[in-house]
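A.B. asks: If you look up TrEMBL, you'll see 2-177 marked as domain 'CDC20/Fizzy WD40'. Feature annotation from TrEMBL assigns repeat 'WD' to 16-57, 146-187.
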Amino acid sequence: MQRDTRTPSQVPERRLAGHRQEVCGLKWSPDNQYLASGGNDNRLYVWNQHSSTPVHSYSEHMAAVKAIAWSPHHHGLLASGGGTADRCIRFWNTLTGQPMQCVDTGSQVCNLAWSKHSSELVSTHGYSQNQILVWKYPSLTQVAKLTGHSYRVLYLALSPDGEAIVTGAGDETLRFWNVFSKARSQKENKSVLNLFTNIR
């Protein structure tokens with residue numbers, strides 16, 4: 001159900017029907033034009049503002065899709081993570097509708113979030129590793145593996161400056177991690193290998 005709280009109550013809400021089971025993930029695209037939804041029916045849908053049917057429907061996940069994140073760096077790039085029977089992070093080009101990369105994380109994917117400063121992605125996990133992983137995109141190499149939680153890491157929030165994350169788990173703890181360094185991403189941008197930054 002989509003509602004605009006600025007409009008009078010007489011304006012009907014918008015109803016998007018597609019999932020056959022509970023909706024467990026929702027995320028607006030950075031430009032606010034698209035809404036991605038994941039469900040316990042193992043489906044990932046992409047909706048726009050003009051239609052009551054999905055513009056894209058993905059059924060490749062083998063478990064519930066709770067973790068969803070739009071890239072702030074690559075327009076139309078969507079990442080999604082599957083539950084215990086799936087364990088995969090999948091990437092989608094929503095401009096063409098085509099599936100892209102897929103990586104098996106070895107654990108239930110609970111949350112995903114992109115770095116604001118670099119092309120990196122953090123994922124939190126449940127059964128069986130209960131860990132936090134940082135990935136480089138598009139190579140999908142693991143940059144960091146963070147352990148400490150003893151139960152599944154159900155909650156994830158990015159700090160306003162984009163450098164730290166906080167995670168919450170079933171072990172009744174909140175943990176703060178410095179995962180995305182602004183200085184590191186600026187250093188990468190000023191690499192001597194990047195010839196274009198040196199041409200005036």
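Backbone N, Cα and C atoms are what each Cβ position is placed from, and that goes for glycine too.
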A.B. asks: With DSSP helix as H/G/I and strand as E/B, how many residues of the repeat 'WD' (146-187) fall in helix, strand and coil?
C.D. replies: 6 helix, 15 strand, 21 coil
A.B. asks: Which residues of the chain, 6 or more past the ends of the repeat 'WD' (16-57), have a CB below 8 A from one of its CBs?
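C.D. replies: Residues packing against the repeat 'WD' (16-57) from afar: 1-2, 63-70, 72, 75-76, 78, 80, 82, 86, 92, 94, 97.
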